[in-house]
Amino acid sequence: MDDIFTQCREGNAVAVRLWLDNTENDLNQGDDHGFSPLHWACREGRSAVVEMLIMRGARINVMNRGDDTPLHLAASHGHRDIVQKLLQYKADINAVNEHGNVPLHYACFWGQDQVAEDLVANGALVSICNKYGEMPVDKAKAPLRELLRERAEKMGQNLNRIPYKDTFWKGTTRTRPRNGTLNKHSGIDFKQLNFLTKLNENHSGELWKGRWQGNDIVVKVLKVRDWSTRKSRDFNEECPRLRIFSHPNVLPVLGACQSPPAPHPTLITHWMPYGSLYNVLHEGTNFVVDQSQAVKFALDMARGMAFLHTLEPLIPRHALNSRSVMIDEDMTARISMADVKFSFQCPGRMYAPAWVAPEALQKKPEDTNIRSADMWSFAVLLWELVTREVPFADLSNMEIGMRVALEGLRPTIPPGISPHVCKLMKICMNEDPAKRPKFDMIVPILEKMQDK
């Protein structure tokens, strides 16, 4: 079978769908020139493939090596339907490439008149200069130039030149496609790992920042008492299910080192510069989580969980809380598979009871509806996002577990929060597990809240 980039270029929708259905495939990977599958589908005008990639979570504003976004390519080649689709999904209309050109520069230069009109109607700036001091309208033929100026003026644009700023990108991050080779390795040679800084140590092991094959990674070294052949076999059998590359809101385990030869069983995952949602909310990272960012994080988590809940069988021993949600460089929340517990790791122990549903604290896992219990955990995350507080911060884990399970201890919803969020939280935290919604039911609710 040809590679995914060829399938997207040629518009082979059936092959693309089959490829996307394999959880080990990463739809945001790039080829040698940094083109993602979405770049190729947009360049070649493959509408059905573009739609499919976007619905599966392709990053809209991803940049190739020349800093072109999919919108630059669709505008250059005059694919009006795709330009409109990208704009519908919030593509950055004034994204700047390495030459300082925005998509409108290319639509004007290549004489894509209708596309140029659509871009201006959606807020593309007609007088933004590239590195060479040229505005998009300088690239257009006379009739189009006049038309675009007139349209822009009607929309309230100032037609004075906007000089090129080299500092345009300061304070934002450029979204690059991921290295497409990382999902090809499942067994990793421990000797190839370069351990740089210890990030954390707790009951379950050590967390390190490291390098592997030129990539920043996180290395999780598991502490396991009495390592045996049986535990080694379980580790080998359970690891492959954690390599989920096919959803943008799930952070896969890249690979593992078996012990022996490694001194301890070890997991490798992508480095996330902002750390976990817990770090972002409670440990003073450099950006503010306002209401709209909180809703976006909630939507990311709901989409990731909705996907995980489609897997049969479900991934066991996965605990949803703010320490097991990682924040990517483009502010995307991702459910971490490296935080899933293995069958040999302290069965029956709860290390974050504040996020655990009361029935899951009272019953054995096999007697609990895991999907409903996850929805309770999500409700606590919603509470955490709107209050910026750690749930039950003044109590020990043992007290929290006992009081949530036996005394009806619950997070109190403070006054003054959005009535929509408040209502959603109450629905998700229904005392009757059977009455809690499914994640695929709350995704559209969060999407509406985001649009508002």
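Glycine residues also receive a Cβ, built from the backbone N, Cα and C atoms like all the rest.
Keep in mind that this is a model prediction, so the values were computed, not measured.
According to Swiss-Prot, the feature region 'PH-like' maps to residues 180-212, out of the candidate ranges 180-212, 213-245. Site annotation (Swiss-Prot, ligand ATP) includes ASN200, ASN202, HIS203, SER204, HIS270, MET272, ASN279; from LYS139, LYS141, LYS341, the additional listed residue is LYS341. Checking Swiss-Prot for motif 'Nuclear localization signal' across the ranges 363-371, 408-416 points to 363-371. Between the CA atoms of ASP339 (Mg(2+) binding site) and SER246 (phosphoserine) there is a gap of 18 Å, rounded to the nearest whole number. A Cβ distance under 8 Å defines the sequence-distant neighbours of the repeat 'ANK 3' (64-96), meaning residues of its chain 6+ beyond its ends; these are 30, 33-36, 38-39, 41-45, 47, 50-51, 54, 102-104, 106-107, 110, 112, 114-116, 118-119, 122-125, 128, 130, 168-169, 174, 177.
SER246 (phosphoserine) sits 31 Å from LYS426 (N6-acetyllysine), counting Cα to Cα. If you draw a 10 Å sphere around the CB of ASP339 (Mg(2+) binding site), it holds 24 other CB atoms from the protein chains shown. In the three-state DSSP assignment, the secondary structure recorded for SER246 (phosphoserine) is coil.
Cβ neighbour count for SER246 (phosphoserine): 21 (other Cβ atoms within 10 Å of its Cβ, all protein chains included). Per-residue confidence over the repeat 'ANK 1' (2-30) averages 92 (mean pLDDT, predicted model). The C-beta environment of LYS426 (N6-acetyllysine), restricted to residues of the same chain at least 6 apart in sequence and closer than 8 Å, consists of ILE413.
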